[in-house]
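Swiss-Prot annotations:
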SIGNAL    1-22  signal peptide
DISULFID  33-45  disulfide bond
DISULFID  44-308  disulfide bond
DISULFID  64-144  disulfide bond
BINDING   78, 90, 92, 94  Ca(2+) 1 binding site
CARBOHYD  126  N-linked glycosylation site
DISULFID  272-337  disulfide bond
């Protein structure tokens, strides 16, 4: 056989092997944990017992209730303690490790309760406080209908110092002040809007202490766009007492509106992005998951962490559709985005109703 013929045969065999490799999909290897569950990385197996424990004993049997709301709040209050100029370790668990310092910051009012609830789980399991806070937040959101699987990375080292004070935005701060603080931490104005999808499953205890557990929208147990709709409605009342710092009038009895949410929904820097979230569940889910993942990595070296995102449960499907509350019409919308029309929504039938407090608050 001539060298020319041999070369041609080798090329043909190489092409055939290459074609076969392309045609046969690679089989992704998965680790089987002691309890039979599988994950992409064996190091993630330690999370399954923690998952079972918090679903049963922190989240009351995998509910989307008060402890989920507070755990999600804690992810932000821990992570946003980060500034390239002012210091802070970001998502490092310092709010638990140095709780006697950080829970006394004015912006962290009331957060001592969820810190106290989570500390025994951190002590019980082989996990750092920084990892536990972000893991619990991601698991909690997955309990909510319409929720998302927030990516989770394992391996944050223990915090070495408390966060500086004054890094958590307050509800009475101006839009410019909030965007400046968030910009310092690496977030654009639109990412601030995306993060605020968290208020779809949130409530306030301390803005008006007379009405603890008052939600920010009418569906606090569902991760949906009602928060973005209802913050654009004309305010009619204060659900409790008036003249509370950081509170604006709400459209519904039993629903509280933060002054910061009211202003961000109407500010030229954020209004159109805010409106774009209305009745756009895929966008809310995708943007929130991506931005929460970014926040959860503040102050961390991602290359040193392990991707354990597949441990996070799949959330229940969204129930219900975007709507105006009963008794409201599109004329009640204070539209601040001139670039696009406000989405066409219908109102629930019946008279105006009130929103009950979040159970367990």
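Glycine residues also receive a Cβ, built from the backbone N, Cα and C atoms like all the rest.
Here the features listed in Swiss-Prot are placed on the structure.
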| residue | record | Cβ contacts under 8 Å, 6 or more apart |
| --- | --- | --- |
| 44 | disulfide bond | 31, 154, 306, 308, 310, 311 |
| 78 | Ca(2+) 1 binding site | 91, 92, 93, 94, 95, 96, 130, 133, 163 |
| 90 | Ca(2+) 1 binding site | 79, 80, 81, 82, 297, 298, 299, 300 |
| 126 | N-linked glycosylation site | 46 |
| 144 | disulfide bond | 64, 68, 201, 221, 222, 223, 315, 316 |
| 272 | disulfide bond | 337, 339, 340 |
Using an 8 Å cut-off from the Cβ centroid of 78, 90, 92, 94, can you name the remaining same-chain residues around the Ca(2+) 1 site, in sequence order? 79, 81, 82, 88, 89, 91, 93, 95, 130, 159, 163, 298, 299
Densest Cβ neighbourhood among 45, 64, 337 (disulfide-bonded residues), 10 Å radius: 64
10 Å Cβ neighbour count around residue 33 (disulfide bond)? 17
Lowest 10 Å Cβ neighbour count of the binding-site residues 92, 94 is held by 94
Helix, strand or coil at residue 272 (disulfide bond), per DSSP? helix
